[in-house]
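Q: The structure follows.
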């Protein structure tokens, strides 16, 4: 039944009247971010909580989740705990998400939907207005006062959009010996000209900020353990001795301002704020007694190999790690990633049970970084593959390697959703100041501009977009502290901003992806050559906090491989799509056949965001044979190589349609090929290419019997950004006798040590009972 127009209009107006004040109240409680649309992005400083509010940390945990959602866990009084869902609201969820660096909350969940937590239930009957600076400022029953069980643990779903410039405060500011003394700001101030001219700063006075004044710490009770903690905070793995005579002479020339307390560290702390307060220093400026006639405390730090100082001399005693038994994978920055350990020649992960800053710091120092600023849990830096080597690690902090720590070799109850990671302190190199993005719609995108020296002056200019790719964009985003690259643009249509920077000053850029800065990549130097020229051909990037990570199921390839002699009259689609070897053109179409090496491939997305094709819908290609669109022309390579690495046959699969075939647990499928659907692979899902579909093969009709290597490479041209490209290659040993084929030892590249990998490539026998080893 139709209603009169007036009735509709009145209802709408009434609804607007009800919603308007609610919307205004809601928006009034949110912080405003006008700077989000300005360049450059200022560093975000979280609103200060009242002095009487407890200092806490938050994290999201649980299984089957994205990085921006999970069970809410609170670190308070030295212990992680959960929050009860009683009286929880979207306003409280907003506070949680903003405290974790997300712009807002999308929703919240009750009844332990992300699994039951452990430890105390810190907060119950929580009431927030939505404008609190921290969850601790909301009203509740009090810390630990609850009648809830862990079946009522609350969870939140935050927006993927990050607050621009947000910086995590990863170290809890400890109240030293219950006094109102907080060591929040500390620095190493280079005193000698030798160190003032070098980056990073590795030697100088240790200074603490008291109010607005920087003050020195008296060395009367200063120890090497204190120095170790300070060096670790600033990204250095250890400390060393220094020339005291020079500093005595320098200190005698000027009056010092001393902090009235000393520190007492054990050397295992991740931050000096965790150290105890030492004896109070006797200071009496009226009687000219300062620091009990001592000197300002000095530290001299040992740099990791990656961060050895610039200059022709370099440091001969720079920290050089031995053959690594530990590595980091999947991180956006140097010194960040999922922890992987080498055991019995095979790389495996670490379970996050009992994972803490002390153990994480051992890993960081072992790799040549400083102490850990965060012990990452819940596979928030992506899931690994292979075995879980270590569980329930408990380090004292003095170990040289994580394998020296106590641990449980049994990993029962652990899975890769619990892979541990680290974020290490790294030295401040000042590299962010030499690069900027201009003209973007937000701080995470724009035209790349570099600061270079020309004719004795520093000038800003563009980077030539010719041959610019995702690997180069990755280096830019990392240098700027903006995470991973999501897109690399060879042409940019951004607002040009500073007209003085419209000149191309860098060209021919080629990066390996591991460089600290764009300047460390190969480029043309001052011999700039950019044939296309023009402002629109300046290189551009779009950055993202997260990235996907594709991994092939090697076991499935090994289990599903077989040979098929397929008649030519059944290969018409394959001929049209050029999926056969060149000799197929001479094969009789009525009586001839082709010998096909067939297999299934299952490609998982183990990363922290969805894998999306580079091209938009407008560039997808329709395939009549398959009756759907293909979104990526080159998604995987299938190659058969001889033992010298020479290609003897290859798959010619023309292009690919990406979709979610299956997903883990309760993860929802988002992509499908049918009906011109959206294409991609959701985080936690996989795309299955069955052995019986067209072009899922390698044509080996012309290949003679022998021993070979079978190789599959995902995303071979790096068209789409991933958090880890090292696991995109799968290799198998294969033996073909002219009638049958055996596939064995299939594994992902980088799964084994270099020594084991060499043995694999030169071993000519099978490891199963189908054929005897030679």
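Any Cβ shown, glycine's included, is placed from N, Cα and C.
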Q: Can you check which of 102, 205, 689 Swiss-Prot annotates as 2',4',5'-topaquinone?
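A: Annotation hit in Swiss-Prot: 689.
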Q: If you average the pLDDT over the region 'Lysyl-oxidase like' (548-751), what number do you get?
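A: Residues in the region 'Lysyl-oxidase like' (548-751) carry a mean pLDDT of 89 in this prediction.
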Q: Does anything in the same chain, at least 6 positions from residue 301 (disulfide bond), have a Cβ under 8 Å from its Cβ, and if so what?
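A: Listed in sequence order: 188, 202, 203, 227, 230, 231, 234, 236, 238, 239, 240.
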Q: Using Cβ atoms only, which residues of the same chain lie under 8 Å from residue 148 (disulfide bond) while being at least 6 residues apart in sequence?
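A: Expected: 84, 85, 86, 121, 124.
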Q: May I ask which of the disulfide-bonded residues 414, 543, 573, 579 is closest to residue 549 (Ca(2+) binding site) if we compare their C-alpha atoms?
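A: Smallest Cα separation from residue 549 (Ca(2+) binding site) among 414, 543, 573, 579: 543.
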Q: Within 10 Å of the Cβ of residue 549 (Ca(2+) binding site), how many other Cβ atoms can you find? Include all protein chains, please.
A: 26
Q: Using Cα coordinates, what distance in whole Å links residue 695 (disulfide bond) and residue 722 (Ca(2+) binding site)?
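A: With distance taken Cα to Cα, residue 722 (Ca(2+) binding site) is 26 Å from residue 695 (disulfide bond).
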Q: Between the Cα atoms of residue 218 (disulfide bond) and residue 727 (Ca(2+) binding site), find the distance and write it as a whole number of Å.
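A: On Cα coordinates alone, these residues lie 50 Å apart.
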Q: Beyond 549, 550, 722, 724, 727, 728, what residues of that chain have CB atoms within 8 A of the centre of the Ca(2+) site's CB atoms?
A: 548, 551, 606, 607, 714, 715, 723, 725, 726
Q: Say you check the Cα of residue 573 (disulfide bond) against those of the binding-site residues 550, 630, 722, 724; which is nearest?
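A: Nearest in space to residue 573 (disulfide bond), counting only the binding-site residues, is 630.
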